[in-house]
Every structure is written in C-alpha cells, then in structure tokens.
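Summarising the annotation, Swiss-Prot assigns transmembrane segment to 61-81, 94-113, 117-139, 148-168, 195-215, 225-245, 258-278, 285-304, 308-330, 351-371, 394-414, 436-456 (among others) and lists sequence analysis as the type of evidence.
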C-alpha cells in the first residue's frame, strides 16, 4: 500500500517545485508511473483474499480493481485538463493539480481502509476537493448552485450513517471489517434496527445515486470542469457501490425484508433516466443521466445479495467508470472547439474530425454494452441473477437495456452525423494528447475482457 501512497504524496513537491515549462509533463509522467505500479495490486495471493500491509490498510478482491481504477485515472485527468487550465496563472495551475492528487490520496485511503469509521472519514474528505474543483473551475455561473446541491445532498445522506456507525461501535465494540462480518448486530427485526439499516445504506444510495436522490448528479456533472466530471463518473459514484457491498455483510437478515422498495426504485430509475436521456439536448447532461441508469443496475445487483449479483456489480462499476469517463473526455474535446454543449449546435463532426468519430463510436458502443466488452458481462450477470430472484424484473431490465441502446445511438448520431452547421466549418484539428487520452481509456476496457477474473471479486 505504501509503495503507492508515498509516491502519490511526493507528487505535491513535484507539482510545487517544478518549473512552469515542465509542470504538466512531470505531473503526468510521475502519476502514470504510479498508475503502472498500482497494477501490481492485481496480483493478490493469499488464502483469505485480504493482503494487508498493516491492520488499518488492506486490499482484497473487491477493493483492488477500484484502487487501480483510481490510480489509473489521475494521469488521464491531468492530461484532459491541460488545454483549458494551462492559460491560467501558474499558482492556480499548481493548486488545481494538487487538488486532483489530494483526491486520489483520499480515495486510496477510502478503498484501502479496514476500519469502517476511517472509510467514512475518507468518504467525506473526497467531498472537499471535488466541491472546490466544481465551484472554482466550473464553466458557467450555475456552478455555485451545482456545488450547493452536491454538498447538501451528500452531507444530508451521510449524517445518518455516522450516527449508525457510532451506535454500532457502542454495540459491538469494533468497527473493523475483519471482525464485523462474524458478529451479527442486527438479528432482531425491531423498528430501531430497521431505521438503523436505512441509515447505513442511505449515504451510499445518495452517492451512487439511486433514482429519486439523483438530482445533484446532472448538475454537478454539467457544471464541473473535465477532471471533475471524469473523477465523479469514474470513481466517486463507485464509492457508493463499494460502501454498500461492505455494509451488506453486516446487515444480513434485515436486507431480505427491507430491500424491496430500493430494488424497485433502482430498476424503475433505469427506465426513467433512459427516457430522460432520449430527450436531452445537452451533451454532458445526457452522459450524466446515463450514469444514473447504470448505477441503478449496480444497486439492484448488490441489494439482492447473490454472488453473481456482486460480481456483476463490480465488473459493471469498473467498465462503466472507464466508458463514461471516456465519453466525458470526448464531450470536452467537442466543447473546447465549439464552446457549446448543445448537440444541435455541434453536429456533423464526422466531416471534420473523422478519427474522433471512431473514438465516439467505440465509447458509445461500450456505454450500450456491446458483446465483447466487460460492460455486457457485468450487465448480463446482474440481469441473470435478478431474473433468478424474480422473473418480473426481466421486464424492467430488458426495457432498460433497450432504452440504453437507443440513447447511446442517438448520442452518436446527433453529434457525429447530419449536416454540418455553418458556424463550425473551421475547427482546429485533434491533438495527439487527445488521442492518447481516449486510447488510455478504451484499451483497458478492451483488454479487461481477456482476463475478467482481475475484477470479479471473490466469485471465481
């Protein structure tokens, strides 16, 4: 664990003491080396699955893929931000990259924590850098409104969790993930325990987010700069799913009784957000709503508590993280050239930037879960396990898949095909930086299907 944490910490002096000319190059190079070093986590070899450097930080097959995804994303965020942050004053550029690095530190500590209270503290700590990135570097003035939504939704959702954790500490005397799975704190079906169950899961349902408490997400995504959108879509939403999986072990007998409304809400959300996507005019908003739909499927897979559901949820979280981050990067390349997020004002791009269209096509297909990609594997495992749980869910998940395919193709056709508007005839060509950025997103998706056991948790 420290072989990643210490180099990440050493990124701060790199950022603040590098000369202006080399700031971006050194930051990207060092963070890419850290990302490559983090791949060594995937080779875990212990009987329990846990491999711990000490009592407080450990990795297991559930957290490892998410840790590697976090490390992989930092160089990509810095790479994506270079164009629109580099004209700013030097100290502001340094502050921006430092915020991204601190976010990575908090996320590594959150996914690596073995004490639930430490996980909670890091879960909350990720709020601060994200909030600063949205409210300081967002594009429009609505960013303050978006930041407020983001802050209050997340805080209001996670305060009951803090109370629940303190009660649990008082009751069982420990909050360590190693021991809590052997103590069953909630074997009585009393009203107090039911409220406690809801408090434990509410924070994660808001963070995922499940349909109904999702209003902060489109606002935050639309107003955030590119790095904010990428980290939010790729890793911060996954904190919710990861937290739910960790807490599910303890909440056992109650979940079977109380999870029904949340499963229905999650599945209904897939159809509702898909329908909302079909009538979006704003590019980033469409991608943000599609994230809510995919996370609804993940929530359903986790709440039915079957090994296949858990496995499908982990795979879909990783695959969706890379695919939606790639889509946000592509939306940003379009926005930097046309200065508009409205799809009608930036269409027919295939005429001018044909190679970008190829990237758009691959990313859209990854989003709609085309066969060779892990997105399909995750979705199929969740849909199959839900079908075994109740046959009626097939109506909702099947319709959701159909709508997902529809809006993904609608997104591709609206941005890339059709007549070219007269005001965007002369656009600057694509840079190697942008091609590298999208390649580093899409290559892991394509390669992961060759060795999916890296990310399917304990079920092997």
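In case you wondered, yes, glycine gets a Cβ from its N, Cα and C as well.
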Winner by Cβ pairs under 8 Å against the transmembrane segment (117-139), considering only 148-168, 285-304, 436-456: 148-168
Closest-packing stretch to the transmembrane segment (394-414), where packing means Cβ pairs under 8 Å, from 148-168, 258-278, 436-456: 258-278
Contact between the transmembrane segment (225-245) and the transmembrane segment (61-81) (at least 3 Cβ pairs under 8 Å, separation 6+): yes
Listed stretch, out of 61-81, 148-168, 258-278, that has the most CB pairs under 8 angstroms to the transmembrane segment (308-330): 61-81
Positions whose Cβ lies under 8 angstroms from the transmembrane segment (258-278), at least six residues beyond its ends: 194, 197-198, 201, 205, 210-212, 214, 286, 289-290, 292-293, 296-297, 299-300, 303-305, 386, 393, 396-397, 399-400, 403-404, 406-407, 410-411
Candidate ranges 61-81, 195-215, 285-304, 351-371 - greatest C-beta contact count to the transmembrane segment (436-456) (under 8 angstroms): 61-81
Chain residues outside the transmembrane segment (285-304) and at least six past its termini with a C-beta under 8 angstroms from it: 205, 208-211, 214, 217-218, 220-222, 229, 233, 237, 240-241, 244-245, 248, 255, 259, 262-263, 265-267, 269-270, 273-274, 276-277, 310, 312-313, 316-317, 320, 324, 327-328, 331, 341, 343, 367, 379, 381-383, 385-386, 389, 393, 397, 400, 403-404, 407-408, 411
Contacting positions for the transmembrane segment (195-215) when only residues 6+ beyond its ends and CB under 8 Å are counted: 123, 149, 153-154, 156-158, 160-161, 163-164, 167-168, 186, 236-237, 239-241, 243-244, 247, 250-251, 254-255, 258, 262, 265-266, 268-270, 272-273, 292, 295-296, 298-299
